[in-house]
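Below you'll find the structure I mean.
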Amino acid sequence: MFHKTEEFFPKKTDSDVDDMDTSDTQWGWFYLAECGKWHMFQPDTNIQCSVSSEDIEKSFKTNPCGSISFTTSKFSYKIDFAEMKQMNLVTGKQRLIKRAPFSISAFSYICENEAIPMPTHWENVNPDVPYQLVSLQNQTHEYNEVASLFGKTMDRNRIKRIQRIQNLDLWEFFCRKKAQLKKKRGVPQINEQMLFHGTSSEFVEAICIHNFDWRINGVHGAVFGKGTYFARDAAYSSRFCKDDIKHGNTFQIHGVSLQQRHLFRTYKSMFLARVLIGDYINGDSKYMRPPSKDGSYVNLYDSCVDDTWNPKIFVVFDANQIYPEYLIDFH
C-alpha cells in the first residue's frame, strides 16, 4: 500500500545529501501525486507495481546518475535519477520524484480504502484525458439494458445513439461516497437507482467532465429543493431536452470527434445516471440540502423526492452521489 507524508520535504543540496548518506540512514523514494502529496513507491496488488522504494534505492546506490524501469498493470515507466523524474513511457507524462530519509512516525497511509478499480466493461481507457464517450453497439446486452429503461415510457426506436461515459475521476468520487455512506449507516448496501436527466446540448460536455451542478445546469423551478433533479421515467426528463444539431460520430475523447464531421442530424440528449438516493424524504423549495432526520446537523437524509410512497422525481444535493453513466441521443 502507498504511504504519504504529512508535509512536503524540504529541499536539500547535494552536499546535504552526501553528509546525511550514512549506513544508518534509511532512505525512501517518493513521487509527487495528483493530490499534491508525496507518495512512497511500494508494490501494490491492485495496480501490480513491480518496484518498491527499496528496489529504487538499491539501483540508485549502484548508479546515482542512472535509471530504473518498472511496470504496472497498465503502463511502463522509467525513473531518471539525474533528472529526479518518473516518466510514463506510453503517454510521456512526467512526475517529480524525491529521495528522503524515512521515519515510521513521519508517514501514514493514504486512506483506509483499497484502490478503486475501474469497471471491467470499460474500453480503451485513457487516464490522461478528462473523459471518453464510447458508443454502444445496438446488439449488446449493455445497449439493450439502457434502451429498455428508456423504452418503459418512450419509444426506444427514437434512440439514435447510446454512449457510455468513462470518467475515472467522477467514478472514484462516486465509489468513495458510496463507501462513506455505507460506513456511516452501518449497512452493506445503499439505495442506488438508474435515473434520467434531460438537458440542453450546451451543458453536455460540462456534465461529462465535472458532473451535474444545479447552479449551472438549472433546476427547473426547484419545487423540491435546490439540487440536481432526476426522474424515474425518461418521458418526464424528455420535457427538459432541447433539439440540437451534431455530427454522428461513434467515438469521442473529451468532446473531440475521431470521425469526419459530415453527417448532421437533429436530436436531443438525455443522461442516464447512477444515483445514490439513499434515505429520502419529501422535498421542499426552501431546501438547499436534505433535511435532518432528528434535528441534528449530522444525521441527514440523502436526497429528496416528490412523493415518498411512489417517488418519480429525485433531488440530489451532493454531486458525489451521482455518476453520469450514459448519454442517450434521440429524436
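All positions are counted from 1 along the displayed chain.
Note: Cβ is positioned from N, Cα and C throughout, glycine not excepted.
Features from Swiss-Prot:
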| type | residues | note |
| --- | --- | --- |
| MOD_RES | K11 | N6-(ADP-ribosyl)lysine |
| DOMAIN | 15-99 | domain 'WWE' |
| MOD_RES | C49 | ADP-ribosylcysteine |
| MOD_RES | C65 | ADP-ribosylcysteine |
| MOD_RES | D80 | ADP-ribosyl aspartic acid |
| DOMAIN | 116-331 | domain 'PARP catalytic' |
Taking every protein chain shown into account, which of the modified residues C49, C65 has the largest tally of Cβ atoms within 10 Å of its Cβ?
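Within the set of modified residues, the most crowded position is C49.
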Using Cβ atoms only, which residues of the same chain lie under 8 Å from the residue listed as 'ADP-ribosyl aspartic acid' while being at least 6 residues apart in sequence?
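Listed in sequence order, they are S67, Q86, M87.
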When DSSP is mapped onto helix/strand/coil, what comes out for C65 (ADP-ribosylcysteine)?
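Going by the DSSP assignment, C65 (ADP-ribosylcysteine) belongs to neither helix nor strand, so it counts as coil.
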Taking DSSP as the reference, which of helix, strand or coil describes C49 (ADP-ribosylcysteine)?
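Once the DSSP labels are grouped into three classes, C49 (ADP-ribosylcysteine) ends up as coil.
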Rounded to a whole number, how many Å is the Cα of C65 (ADP-ribosylcysteine) away from the Cα of C49 (ADP-ribosylcysteine)?
23
Restricting attention to the domain 'PARP catalytic' (116-331), give the mean pLDDT.
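Summarising the domain 'PARP catalytic' (116-331) by its mean pLDDT gives 87.
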